[in-house]
Amino acid sequence: MQASRRRRTAMSNTLYCEPLQKAEAYCLPQFQTLDSHLSYISGSHGGNHSLQTYRDRYCMLDSSSATGNYAIYHSPSTTSFSSNGSTTCNQESQPYLSDVRHSPETNYGSPISGSCITDDVADFMHKLKELETVMLGPELESYDNSLPSNIASPEIDSWRQIMLALPRRDLKQVLIACAKAVSDAELLTAQVLISELRQMVSVSGEPIQRLGAYILEGLVARLAASGSSICKSLRCKEPASFELLSYMHVLYEICPYLKFGYMSANGAIAEAMKDENRVHIIDFQIAQGSQWVPMIQAFAARPGGPPHIRITGIDDSTSAYARGGGLDIVGKRLSKLAKTFKVPFEFHPAAMSGCDVQLENLGIQPGEALAVNFAFTLHHMPDESVSTVNHRDRLLRMVKNLSPKVVTLVEQESNTNTAAFFPRFLETLDYYSSMFESIDMTLPRGHKERINVEQHCLARDVVNIIACEGIERVERHELLGKWKSRFRMAGFSPYPLSSLVNATIKTLLESYSDKYRLEERDGALYLGWMNRDLVASCAWK
């Protein structure tokens, strides 16, 4: 018992800490789930659409200017929404709306279309101006008297009722009302609220304003996917790979979510492998490989010498873009680190999506103790609601058949997988409101790095959840209770968490805001912001 305790204590000195300066040259922290898979844009009306990759579809602000002015350019067949010429939208040759209003306080805008609401664009523009005059008027009570009788319609009546019920210019409530209008196909109401939201959101404002900017883009994109004359593709410049990696690194440093996930998973793996001489770790989304930097250091400090470590790294082209190259980059970095710390090491690359992984891709060898790591990745696997193959459960059954000593799971604690659009919208608004508020505690609102981090590491997930359906919606989170059911159905049983891990994570959180909270319940560890759980971690065998 004493020898085992000394062994755990020695490893803990390096397992959960930040990588040493010596090791930082080999790996930068990566942002896996919140960023790793590029999003796609499609809509819910009339079925799914076959679309290109996220960078060919997703229209977002150019982060180089936090206060830039945006213009709408139009021709009979195309419209271009640009800030510094960064974004282009193509559409079919049909009438459309190109009037987008901007105030000095906002820097956000996107083209919208009115042709799906009325065939007479000029008449609709007149009606829209009348409605906006009412909405921005000095007294709510003047609504009925201000509305001309010649624009009465069920849609306008619905809009009037919504606006009368909303707190005046309450951004959160206006976002909810707009999403409800989109959900109910009340297009005129949605367009009016979108016009008002443009005056209220800002990528450099309060947390709800910043999140609102990206939510608004998702709502516009959702409408665009089903409208008869709205942009069919939303394009924007992807940052250079080295820039994207730097944004991931900033996010890793300013928020404890990723560190929490990696520390809790590493702790379970280290505990399970403390007496093993040959260790094989299968990482289903290795990205930059930085989760394993402190793990290699910890094994190097193990009494009696380190084990032989082999890591199978699975990843697709999305993270290859952020790395600036293939998995060989990760292998070279980790091999160099392991050599420095005199740890026997092998790296086995598997350049493919987790959905495509088969048993022969894993390089299983006899005599190795196996650990499998699912950190921020399983929610990207389609389940029974998307594909008859159900890769989510298939992978778990395949891993169980390998008889691993431990399997680690880290996921966002959110319910966006099978929920219908409107409840999914409410869940996304609540979840990312907490996320953006926590970032606000670390970086100033006008800080360019913060704008870049939110735009390139978080906004794409928000847009994907709101705008897309079917196979194009890749951000499909489930609550831990559902994950537990899947693991049990695959034949797993819970693996107890280490109290040492919990104590170390609590120490980590002390360097951040006191609004973060750590809670262990039902065999799992939860990291939250105030009253909202954000990330959950557990282990299985």
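First residue shown is number 1, and so on along the chain.
Cβ atoms here come from the backbone N, Cα and C positions, even for glycine.
TrEMBL lists 169-229 with the feature region 'Leucine repeat I (LRI)'. If you average pLDDT over the region 'Leucine repeat I (LRI)' (169-229) in this model, you get 88.
For the region 'VHIID' (248-313), the DSSP counts in helix, strand and coil order read 32 helix, 12 strand, 22 coil. Under the heading region 'VHIID', TrEMBL lists 248-313.
Beyond the region 'Leucine repeat II (LRII)' (329-361), the same-chain residues lying 6 or more positions past its ends with a Cβ under 8 Å from any Cβ of the stretch are 22-23, 26-27, 284-289, 292-293, 296-297, 299-300, 306-316, 320, 323, 377-378, 380-382, 391, 395, 398, 401-402. The region 'Leucine repeat II (LRII)' annotation in TrEMBL covers 329-361.
Taken from TrEMBL, the feature region 'SAW' applies to 467-541.
TrEMBL lists 279-283 with the feature motif 'VHIID'. For the motif 'VHIID' (279-283), the list of distant contacts is 269, 273, 289, 291-292, 295, 299, 307-314, 362, 364-365, 368-373, 375, 399: same-chain residues at least six beyond its ends, Cβ to Cβ under 8 Å.
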By DSSP, what is the split of the region 'Leucine repeat II (LRII)' (329-361) into helix, strand and coil residues?
18 helix, 7 strand, 8 coil
